[in-house]
Each structure stands twice: as C-alpha cells, then as structure tokens.
Amino acid sequence: MAATFRGTTPVPPDARPRLTVLSGPSGVGKSTVVAHLRTVHPEVWLSVSATTRKPRPGEQHGVQYFFVDDEEFDKLVANGELLEWAEFAGNRYGTPRKAVLDRLEAGEPVLLEIDLQGARQVRESMADAHLVFLAPPSWEELVRRLTGRGTEAPEIIERRLAAAKVELAAETEFDVTLVNTSVEDVSRELLALMLRQSGERDISG
C-alpha cells in the first residue's frame, strides 16, 4: 500500500532549497523512515543534534549526536547557535543552526527529524521551512506500536499515548501529511518532497 498525502501544495520547480522538517507522534516510525531513506539515498543530509544525554554503547560523537555537557548546551542556547531545542526525559536536545544554514546555502536539501515542540520553533525562526507530519494509518495502529515494544513501564506508555493525542491534534499546523502505511513508500514520498523543494530531479532507485 502506498503512502498517502494530505494537504499538499504545488511548489515551483525553480524554488531554492528549503529546510524539510519531519515530525509526528512517538511510535509512528520517524527514525525508521529516516534510516531507510538514508540507507537507500545516503546523499540525503540529516542534521545531527546536540544533546546533554550520555552516549549509549556504540554511539559516536558527531555521528548519532554531538554530546555536550549542560554548561556547553547553555552556551549554545545563549549564543543563539541552536535552531531549536527541547527537553525530554531530563536531557536536552537541539539542532545546531550553522550546519543547517551552511548546507542550505550550498544548495543542498536538508532534513530534520524532530518533535512537535522543535518543529514549532523551526517554523518561528525559519518561516519558509517545509513541515512534514508523519501520521499512523490509525490510532489503533499507533497504540499497537507503542504497546508492542515491550520495553517500557505501563505509566511511561500512558504518558506517550497522552502525548501522542496532543501531537496528532497538531497535524493541521504542518504543510503536508504522509501516512506511514509502508516504510519504503513513505521514504520515497519524503525524498520526492525534498527534491521538489530544491527543484532537483527525482532520484530513481
């Protein structure tokens, strides 16, 4: 089954590169979609976030995240060096502004995978950013995905479900919605959207 669009708007073919932001509720499959997209098309540039979270086994500085302490993160915020930032589970995460702007200036399409709070901040600071909402096929499917992980306590799952309802209600704030019925299909649709924003030709494969 193909991924489906809701609320698309035609974009002129000569449009300059625009920042593409992918957001959606927890459990909808954002990371899976992005990972698949970058496996098939490694030329897609995904912004690496800065975080105060401690590295997990196998994670490398500058690859999964830029790992910084609280003092360094405070400086990034104070100096306006973050395009957006948010706190989650006691740790802070933020998108370095300069790296994103440098890539856009070079004419490259840029992808951010962030939460609703971050997407709203990006919209405020970069009004021409293209916000893409990744939605589940149904609420029941999202509940199944969140409860099927089997790695979290019931109270955490309840908090995630409550947050998901708030995030789903914010869908109308986004420029376009992709329904995640298939990782392969929705990755292809996301790539097509990014290329459409930059005026590039589609990439087959």
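For all residues, glycine too, the Cβ spot is worked out from N, Cα and C.
What Swiss-Prot records for 17-195 is domain 'Guanylate kinase-like'.
Swiss-Prot lists GLY24, PRO25, SER26, GLY27, VAL28, GLY29, LYS30, SER31 with the feature ATP binding site. PRO25 (ATP binding site) carries neither a helix nor a strand DSSP state and counts as coil. For PRO25 (ATP binding site), the number of other Cβ atoms no farther than 10 Å from its own Cβ, over all displayed protein chains, is 28.
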Neighbouring C-beta atoms (10 Å sphere around the C-beta of LYS30 (ATP binding site)): 19
The most crowded of the binding-site residues GLY24, GLY27, GLY29, judged by neighbouring Cβ atoms within 10 Å of its own Cβ, is GLY24
Beyond the site residues GLY24, PRO25, SER26, GLY27, VAL28, GLY29, LYS30, SER31: chain residues whose C-beta lies within 8 Å of the centroid, for ATP: LEU134, PRO136, ARG145, ASN180
